Amino acid sequence: MHWIATRNAVVSFPKWRFFFRSSYRTYSSLKPSSPILLNRRYSEGISCLRDGKSLKRITTASKKVKTSSDVLTDKDLSHLVWWKERLQTCKKPSTLQLIERLMYTNLLGLDPSLRNGSLKDGNLNWEMLQFKSRFPREVLLCRVGEFYEAIGIDACILVEYAGLNPFGGLRSDSIPKAGCPIMNLRQTLDDLTRNGYSVCIVEEVQGPTPARSRKGRFISGHAHPGSPYVYGLVGVDHDLDFPDPMPVVGISRSARGYCMISIFETMKAYSLDDGLTEEALVTKLRTRRCHHLFLHASLRHNASGTCRWGEFGEGGLLWGECSSRNFEWFEGDTLSELLSRVKDVYGLDDEVSFRNVNVPSKNRPRPLHLGTATQIGALPTEGIPCLLKVLLPSTCSGLPSLYVRDLLLNPPAYDIALKIQETCKLMSTVTCSIPEFTCVSSAKLVKLLEQREANYIEFCRIKNVLDDVLHMHRHAELVEILKLLMDPTWVATGLKIDFDTFVNECHWASDTIGEMISLDENESHQNVSKCDNVPNEFFYDMESSWRGRVKGIHIEEEITQVEKSAEALSLAVAEDFHPIISRIKATTASLGGPKGEIAYAREHESVWFKGKRFTPSIWAGTAGEDQIKQLKPALDSKGKKVGEEWFTTPKVEIALVRYHEASENAKARVLELLRELSVKLQTKINVLVFASMLLVISKALFSHACEGRRRKWVFPTLVGFSLDEGAKPLDGASRMKLTGLSPYWFDVSSGTAVHNTVDMQSLFLLTGPNGGGKSSLLRSICAAALLGISGLMVPAESACIPHFDSIMLHMKSYDSPVDGKSSFQVEMSEIRSIVSQATSRSLVLIDEICRGTETAKGTCIAGSVVESLDTSGCLGIVSTHLHGIFSLPLTAKNITYKAMGAENVEGQTKPTWKLTDGVCRESLAFETAKREGVPESVIQRAEALYLSVYAKDASAEVVKPDQIITSSNNDQQIQKPVSSERSLEKDLAKAIVKICGKKMIEPEAIECLSIGARELPPPSTVGSSCVYVMRRPDKRLYIGQTDDLEGRIRAHRAKEGLQGSSFLYLMVQGKSMACQLETLLINQLHEQGYSLANLADGKHRNFGTSSSLSTSDVVSIL
């Protein structure tokens, strides 16, 4: 088989030798840097058809179609209606003109009466129609020579969304037609999938074609939103950005609540979330883009079948979310019918099965409501401090950040939360270096291995994932963390794997990749050929696409053939071209004399003679004349003359063909081995998915432990509830205490936050002035409770948090014009959901209840809500400015009155933002209005009106509590690093310890720890002064000091040539001491003969240069 590669695709053709008219065989090379990688001189490269069946499909495609009828079926008509609806949203003038030329009598929308519109059997349009009939709701792109073309409806979509111009302009007598060059395929696919369209790509079978016969074509792959086109990736050296997978989503309703099914075609898996509230369902829809949305008929409430099911009563929020999307209705059994729809959408066989990734759990908290998620910044919301940004350092993004977000939106079960918390605790205290935690998308990994398109880069990344897991298994401090991560990974993937089995399978997979993939850059066989007579650039371009991919032992025969053919080519060039060049050099002539050289024609992938004026005017039988007579014009792949200055000989052409054949055979063997490796790893795909997710979780939790340590957050005591009905609640299960709570968006280490202590054993009724901090307190409590039940650190000095079954926060409401609801209606809808779901294990936080309606009736509604929540036994806070609620005859028995404090400063009342006992009837409304710039005249008039009507109630009543004395945990001792054996840099480590020991009060306490080439420092270094020694790849040392060791290591490794640097470090007490030790090490190590890269830094200070030290020079180490 032969093959051809482009930047975006690799297409194949069978070895039809009898079609070659010449004995010369031609080939191409794979050059990622070239915009068009189609070989123009030599016939193409290596087949990537899966097997003989693929060729069979190509050659028999037309036979199947001849039996089909030209009459449209009902199903075809439904597809055309679907496309008509999409075309109605087009707005570009050029697209609208193309739409006018469509005729909806076939799936392509072609008008046969227009120019190039014929659908005659056997022509290109007819062939494209057959492919379109297999995937009628996908945009069809067909490879035609140097372009990918679309016609009819698909051309209109390309012009509208991909920014392409119609072929032939806007001629009214021609069918709509558009396309893109092959080097722009990836960009075109991205534009289409970004707008929600799926694309079917049809490739040509490349190679020579018999006269009067058309090229074979086949469907090479699909591009869907969240699932890119990967065909041909195995043969290129660049990585592919893989977006988050987008599932097909189905929504239904039953007596248990709403049900949401998400089916991931790439992973062949689905998740089923049942018993959801409307708010939780909308939250999931907001955070998960879907490829297709299907709505079950059970959502319709009335018999008329109208789709506006939320016009009255429940469902308005969901309707507002769904009405802005494209959706379809379906009936029947929800799961089986939805799976059937998915198989139709993706063209899957009925035998394909999907795995349920749900892990059953009896005590998992309910997912967050949309209002709760937005008001604490779990979902990015304008004007709301983002919770995710303070949980992780800025350097941690992507997959780990998405995991933390999903963890907050769907809090884990109690036992999983405990595992996560215990993991974070261990992570915050480890002293050994940690791996880099290579993060790979599971969907990307599965698709590339399944399609056998994983390239060298991806295999190296997979091996890094496996090696990171094995690194954790080898270290005593990290192996316990690895064991703890097994359950959270099980919940995230739905895969339950035994720990020992997992480790053994990781060993096997890592060894399998290591046996095949070339990881040693110094292997001599991986160097491209070099010959004196041929430009090095030629060999580099021809061989760099396969050299260094697999170990030489697997391709010894192919490498030998390449080297022999390269030597033969060099010999042919020397024999045919060198005498001519020698003759030219021996000629002494003024300006305008003969010129000649051996040159590399990059575009034609050939080595030819390039010269002019070298032919003698008189043939005298001198040296070089015979070679000149052998020269003939060089021809390109189409047989056309390249230029007047390019020449070759039959001997050189034969040598070139043989070299290209040997090089392409080597490349074919390399890709064959890579595909075989993909097949082997497919048998361990579950282990690879599990390992990739485990590392994502590891990186997320390690990063959180580092950031929480920097912010001086704490791990709360998490108290569970008894699951037995009628059992007494566990000790502390009905009480939440947060000591020294600070708003999560403030950095505690900066000292600007106001701390509050919240000891909650019942429902609080909270009052306070405007700007007094009520909303901030509710957000802070909500965030702390959510972080606690998720197993994460909280912004407090100490905390004891029950494992709530739900956390519900309601703050300000806005109107919803989509479903015709006022802001008060929206608020009441949310209050209904909260009241109906609140239990004795819930945390309910309502800010300024009933603010959007008439005061008297709003006060009564608020009082009734408070009674209902009190009856449920939940913990929580209801804040209000409706002071009339204190005059109502409420039956609530467990209400505690709380207020946000205020104090008088120079005759003005100002808030303290402190939580106190009692009731505060002062609103500070006038003061707030003044502060916000309301005209003085307006405020004065307001004060006069107030005094005239409410003078008798003007005095504020504030009941203040005794001062609460809280204790902070400032006496915690930082654990001293535990020494660990290191096998690398022993001599250097001993020298560092010996030098620094002279300055230490307790020399025996010195520990010099190491960080490997692909490792990072542990979280215990966060906030500590460190002295470090970097061992560069050039064997020189760089000595420095820093208070941010991880950041400094990343900065060093970001520089060219320093990616593989390893480090030794020790933690000291204070930056001044670190500076002294830095200077001391620079001078002392230099005297001991070590080569330093920053020797000049030893002269910056006047200390550390002498070996005689006074007592005052002695410092202590952490």
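Just so it is clear, glycine is given a Cβ too, placed from its N, Cα and C backbone atoms.
Note that the coordinates shown come from a computational prediction; the quantities given were computed from them, not determined experimentally.
Positions annotated as ATP binding site by Swiss-Prot, on the basis of sequence analysis: G768, P769, N770, G771, G772, G773, K774, S775. Cβ environment of G771 (ATP binding site): P911, L924, T928, R931 lie under 8 Å away, each six or more residues apart in the same chain.
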Most crowded position, judged by CB atoms within 10 A, among G768, P769 as binding-site residues: G768
Residues satisfying Cβ distance under 8 Å from N770 (ATP binding site), sequence separation of at least 6: S923, L924, A925, T928
Any further residue of that chain within 8 Å (Cβ to the Cβ centroid of G768, P769, N770, G771, G772, G773, K774, S775) of the recorded ATP site: M900, P911, W913, L924
Cβ neighbour count within 10 Å of G772 (ATP binding site): 27
Position of peak Cβ density within 10 Å, selected from the binding-site residues G773, K774, S775: K774
